[in-house]
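Per TrEMBL, the feature ATP binding site maps to K167. Here TrEMBL flags 26-74 as domain 'Cyclic nucleotide-binding'. The domain 'Protein kinase' annotation in TrEMBL covers 134-214.
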Amino acid sequence: MSFTKALRKDSRTRRLISDAFMSNDFLKKLEPQHMREMVDCMYETIYAEEQLVIQEGDAGNYLYVLAEGLLEMVGTYEELQAFLKDYVRELSISDERRNAQTHLPKVDSAEVQELQRLRDRVALLLEHQPFQELEVIATLGVGGFGRVELVKLKDEDTTFALKCIKKKHIVDTRQQEHVYSEKNILQQTNSTFIIRYRSHDPLKHNGISYFTTT
């Protein structure tokens, strides 16, 4: 692992960055030496109000630790909020107990049936060659583990987000445990937005693993 030259920081700044690393489930597993080198090489960047920090589609080449101020997600996040508003009730809080009550999303039977049909259809895709039946529309994002493609079935207009992970890169960087954890979380999650995880064992086959979501 190589880094640029170390930059001088006061103890408060070093503690801020170190605490941020330790609060991250992935970064806290780094070797202490690697973590110190990352802290040494981080540098301060000041953004003006309303200035974009990360834009959808950017490659994940930078790691950010927020020292002060607030960040706001815009665009696709707001669109998702508007979509969910029709299905999820607001949590009602008891004035006396202050306990949140659970509410189930309201989804009509037609949409439930359509989601199930899509799950069944995706399940029929070829395990190791899904792109034979999918058409790539655009690349949604590129990161250290691979890329996320916006795809559609060739004979339908329904779109999916398909996360493609390079297995060799995962093995070379010893991130198998991280990928297995993501696989287990997706398999255990009961969400209408997650259709299917494509590989039963992502590291026993050559090539690429796929996560498919609506």
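For all residues, glycine too, the Cβ spot is worked out from N, Cα and C.
Just so you know, TrEMBL annotations are computer predictions that nobody has curated.
Mean pLDDT of the predicted structure over the domain 'Cyclic nucleotide-binding' (26-74): 81. The secondary structure of K167 (ATP binding site), as reduced to three states from DSSP, is helical. Taking DSSP states H, G and I as helix and E and B as strand, the domain 'Cyclic nucleotide-binding' (26-74) has 13 helix, 1 strand, 35 coil. In the structure as shown, the Cβ atom of K167 (ATP binding site) sits within 10 Å of 19 other Cβ atoms.
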